[in-house]
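**Q** Okay, these came from TrEMBL:
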- A:111-325: domain 'ABC transmembrane type-1' (DOMAIN)
- A:1-26: region 'Disordered' (REGION)
- A:43-71: transmembrane segment (TRANSMEM)
- A:117-136: transmembrane segment (TRANSMEM)
- A:148-168: transmembrane segment (TRANSMEM)
- A:200-223: transmembrane segment (TRANSMEM)
- A:252-269: transmembrane segment (TRANSMEM)
- A:308-328: transmembrane segment (TRANSMEM)
Amino acid sequence: MTATVPPVRHSSKTPSPGGRRAAGGRTPLSRLRLPARLRRASLPYVLLLPALALELLIHLVPMVVGVVMSFKELTQFFISDWSAAPWKGLDNYRVAVDFNAPVGEDLLKSFLVTCEFTVLAVGLSWLFGTAAAILMQDAFRGRGLLRAVFLVPYALPVYAAVITWSFMFQRDTGMINHVIHDQLHLTDGRPFWLIGDNSFFALVTVSVWRQWPFAFLCLMAGLQNIPRELYEAAAMDGAGIWQQIRRITLPSLRPVNQVLVLVLFLWTFNDFNTPYVLFGRAAPDAADLISIHIYQSSFVTWNFGSGSAMSVLLLLFLLVVTVLYLLATSLRRKDA
Amino acid sequence: MHITRTTAAATLAAALIASATACGGGSSTDGSGNGSPKELTYWASNQGASLEADKATLTPELEKFEKQTGIKVKLEVIPWSDLLNRILAAATSGQGPDVLNIGNTWSASLQATGALRPFDAKAFDAIGGKDRFVSSALGATGAEGKDPAAVPLYSLAYGLYYNKKMFADAGIANPPATWDELVADGKKLTKGGKYGLAVEGGNLSENVHHAFVFGKQHGADFFDASGKPTFTTPEAVTAVKQYIDFIAKDKITAPGNAEYAANQSVADFATGKAAMLLWQAAGSSLKSHGMKPEDYGVAQVPFQTAGASGDTAVNSMVAGINLAVFKKTDNVDGALKFVKFMTSDDEQKLLNGTYGSLPPVKAAQSDPAFATPDLKVLADALANSAAPLPQVANESQFETAVGTAMKDLFADAAAGKPVTTESVKAALEKAQQQMPAS
């Protein structure tokens with residue numbers, strides 16, 4: 001934003017005789033003032049200052065505290081007096097990335113589960129979002145109502161929505177088993193969804209259900225910017241619906257998708273609420289997402305140093321992925 | 001231009017990620033102020049049917065206290081799921097209540113944080129003396145040889161609740177006294193979609209409480225004298241396996257119980273889906289599910305052999321709630337006055353009577369109001385056959401690690417996967433590896 005302020009030259013470079021006289025009349029004051037040019041240039045920064053200060057306070061300070069904690073042995077014996085906690089150097093990190101020892105091995109497992117989960121959840125959310133946005137592009141009766149209904153999962157408070165899912169996933173009394181076992185007879189016995197291996201699919205289901213309306217919303221907005229003439233011209237040239245989607249819709253949505261996929265990735269990878277509400281403080285191995293894992297490593301075992309080290313590692317990982325992603329997508333855009 | 005835009009986007013993304021991950025290390029500052037000496041903040045645990053019910057119970061008592069001393073008490077009732085995290089946050093930030101309830105099994109862990117004010121001889125003098133309390137309850141107030149981190153407030157013990165009609169229908173005259181009898185009775189009772197015993201398999205604390213009792217009966221302690229975890233001894237493995245086997249081998253418990261974590265087992269017992277339940281003072285919960293007191297009986301939790309004696313004659317943990325003073329309070333006198341008030345004979349009778357628990361204060365416990373058949377069983381267990389969970393600094397981690405291992409084992413059992421001595425040992429091995437090396 002700051003770069004868009006136009007340089008205002010004429011006022012300082014076109015000295016009018018009257019203006020000079022006026023300035024000369026108040027010499028002591030004007031000498032104290034900054035040159036007009038500097039004043040104008042600094043205005044945007046001054047306006048940004050409060051936001052910057054808050055940003056530092058709200059984002060950077062906790063981050064720095066977290067990083068400092070990761071170098072300390074901050075266990076239950078020291079939490080009431082942080083300064084007494086001994087420095088551990090890189091020990092917390094060493095333990096976290098030693099994949100042959102139990103702590104590192106579990107962290108790696110949790111990381112892989114999270115990757116798998118993120119790819120599935122983001123992929124499906126994006127697919128559903130895109131499909132729904134394209135299908136609802138043409139006006140039909142009840143479109144507004146359907147759009148509103150589709151957005152409900154996104155608008156619901158996380159806790160209320162996920163706790164409802166956890167009731168539905170209960171083995172003996174849940175609706176899911178009632179439908180797939182009692183009514184459709186798809187399974188031999190009643191499967192468990194909240195414990196054991198199936199918990200992974202339960203988690204993906206709830207996550208996709210929560211996220212896809214956001215994809216839908218973004219893509220729907222993106223679709224409004226594609227000129228209808230493009231489609232008409234393509235239709236005249238004999239392009240079918242699939243070709244139109246492939247050659248017009250998707251390329252035009254590229255900037256939206258670039259941001260959307262990144263944001264979905266970050267949200268999903270870091271998602272804490274969904275698994276926590278669904279499974280409680282001890283998630284099953286199959287659904288042990290990294291955020292829950294770190295929570296367990298710090299709050300449940302009361303070792304905040306180790307938990308912070310894992311958080312910092314997670315931060316670095318997401319940062320690297322994000323930068324690579326942005327570089328890759330921008331480069332491709334340049335090529336195109 | 002491209003480069004700068006990408007850089008800007010990357011910076012923004014970095015900030016986004018940071019805000020999402022930095023939470024791992026942040027400290028909570030929702031501590032209630034403890035500014036004026038004429039005011040106290042009290043965190044109460046959830047003892048009654050709901051947070052509102054607790055507020056309604058406690059508020060008149062707090063007003064009574066204000067009338068006596070002129071000190072106003074700000075009350076916050078905190079659900080169990082949040083309480084430990086809130087206490088940890090308070091300990092970390094130094095912003096917390098003046099007086100608070102803690103689960104008595106956390107005493108030694110919280111004692112190690114130094115966040116609670118030790119009850120030394122002087123503090124005990126200020127609240128009327130140490131010998132007013134029942135000694136078994138005092139055993140769960142902190143590590144041995146140290147000044148207690150808290151004083152007992154409400155006491156509980158486990159009992160075996162059984163459905164009288166289902167027992168009569170199955171031709172069982174007396175409640176089981178040994179686990180073999182319980183399994184045999186359970187098999188008779190398990191038929192037609194009904195089961196012998198209900199367990200709360202997804203609840204980590206419940207799992208650990210039972211593992212502890214089975215462990216004691218087999219001679220396993222889970223910690224050695226120096227406080228090191230010993231989860232994988234043959235005795236500990238036998239103990240844990242015996243509990244998991246209710247689903248895995250004996251099949252007297254419905255497999256669905258493996259995921260219970262919201263007291264569904266109490267509901268199952270109250271509605272006749274299961275004939276037995278191991279629980280602490282279930283009376284008021286059963287009533288709220290529509291089960292009448294005359295429909296169920298309460299017996300001692302079984303032993304391994306009839307007439308067990310000595311170290312293995314344990315059939316309950318010392319359960320209960322302790323009252324602690326936050327170290328950083330600026331009103332120690334007022335806080336101790338409040339502790340004295342809450343542990344006074346009258347308040348003990350009234351509060352424990354309301355919550356269906358036992359008063360850990362001797363003078364109050366002898367009140368006839370606590371001589372009901374079920375409370376007598378619990379009081380008997382508490383006095384004669386209850387042991388406190390290990391009073392070591394890592395107790396809280398033990399609950400989570402072993403409780404989770406048992407939850408996973410229940411999940412295996414319920415899914416029909418074999419649960420063997422080896423698989424139990426492997427699960428406990430993993431739990432032990434998660435314990436902090438200290």
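The chain as shown is numbered from 1 upward.
Backbone N, Cα and C define each Cβ position, glycine as well.
Unlike curated records, TrEMBL annotations are generated automatically.
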**Q** Considering only Cβ pairs under 8 Å, which range in A:43-71, A:117-136, A:148-168, A:252-269 makes the most contacts with the transmembrane segment (A:308-328)?
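**A** The listed stretch sharing the most Cβ pairs with the transmembrane segment (A:308-328) is A:43-71.
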**Q** State the non-local partners of the transmembrane segment (A:117-136) in its own chain: residues 6+ outside its ends, Cβ under 8 Å from one of its Cβ atoms.
**A** 143, 146-147, 150, 200, 203-204, 207-208, 211-220, 222-223, 245, 249, 253, 257, 260-261, 264-265, 268-269, 287, 289
**Q** How about long-range neighbours of the transmembrane segment (A:148-168): same chain, 6 or more residues beyond its ends, C-beta under 8 Å?
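**A** Distal contacts: 132, 174-176, 194, 202, 205-206, 209-214, 216-217, 273-274, 277-278.
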